[in-house]
Amino acid sequence: MSAGGAGGEAKGGYPPQTIMALGIVGGLVGIYLGNFAPPAYSFFGGLGAICATVWGADAVRRVASYGLGTGVPSIGMLALGMGILAALFGLSVGGTAGPIVAIVVAAIIGGVIGALANKVIGMGIPIMEKAMVEISCAGTLVILGLSVVIAGSFDFASVVQYVVANGYIALIFIIGGMGILHPFNASLGPDEKQDRTLMLAVEKGAIALIIAGFASSLHEGLMAAGLNMLIGIIIWYVAFSKHYALIKRDAYAVVGSGMLPSSEELQ
């Protein structure tokens, strides 16, 4: 991560504690419902992943507002890297309590990395340690939620077989990381608004659910996969429509660019 220009504390209508509660409670409830419900309802894991994505995107927004520069994409990938380690460790030793163990481990990893970033690298961001804890935990919940969508449960053996061994973990890494890093990266600037940024996070989380739903077809069958994708498409459409409305609210003008001029017209 590289430091960008000078920045400051991000402002927004939704307090961090509220969004954190949404991410933790919504994420865990979705993951556990997806685990214990029949495979046709594994989309609950995706709903939990969306809640965690919103939490992670807000944490990125708050820490990146201090001036991360090109570190905005990097911190999103870092979140999922920490998330994979914490999620697999938690599931391997925690059994039914695996997701909770994973969050605790993620918080420890995030705290250590945040302290190194501030104390050793010298980034000097006041909320770095706290933000890295949040981002690490959010990334872990995203990994767990999307794994439940694909595998139908968070049983360690099932996740290893249906998510890790076949390479879908790399897919989750990319789509989950994009959901956390992209919203602020696409919205940053003096006119950035919290609600618009977080609505984009919902949209990206829904796309992740659609893709994970498609991947689940190899294990859960076409009916369950179709339901996963349908839920994702509905959420995506609603979030996209709302995000576009927020863009029009904040933009000075929305105009059509028309066709690109021909070479003759440019002469």
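Using the three backbone atoms N, Cα and C, a Cβ is placed for every residue, glycine included.
According to Swiss-Prot, the protein has these features:
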type	residues	note
TRANSMEM	19-39	transmembrane segment
TRANSMEM	75-95	transmembrane segment
TRANSMEM	97-117	transmembrane segment
TRANSMEM	140-160	transmembrane segment
TRANSMEM	162-182	transmembrane segment
TRANSMEM	198-218	transmembrane segment
TRANSMEM	221-241	transmembrane segment
Other parts of the chain folded back onto the transmembrane segment (162-182), taken as Cβ under 8 Å at six or more residues beyond its ends: 49, 53, 56-57, 60, 72-73, 75-77, 79-81, 83-84, 88, 135, 138-139, 142-143, 146-147, 150-152, 200-201, 204-205, 207-208, 211-212, 215, 218-219
Beyond the flanks of the transmembrane segment (75-95) by 6 or more, those residues with Cβ under 8 Å of it: 1, 56, 60, 63-64, 68, 101-106, 109-110, 113, 135-136, 138-144, 147, 154-156, 159, 164, 169, 172-173, 176-178, 180-182, 185
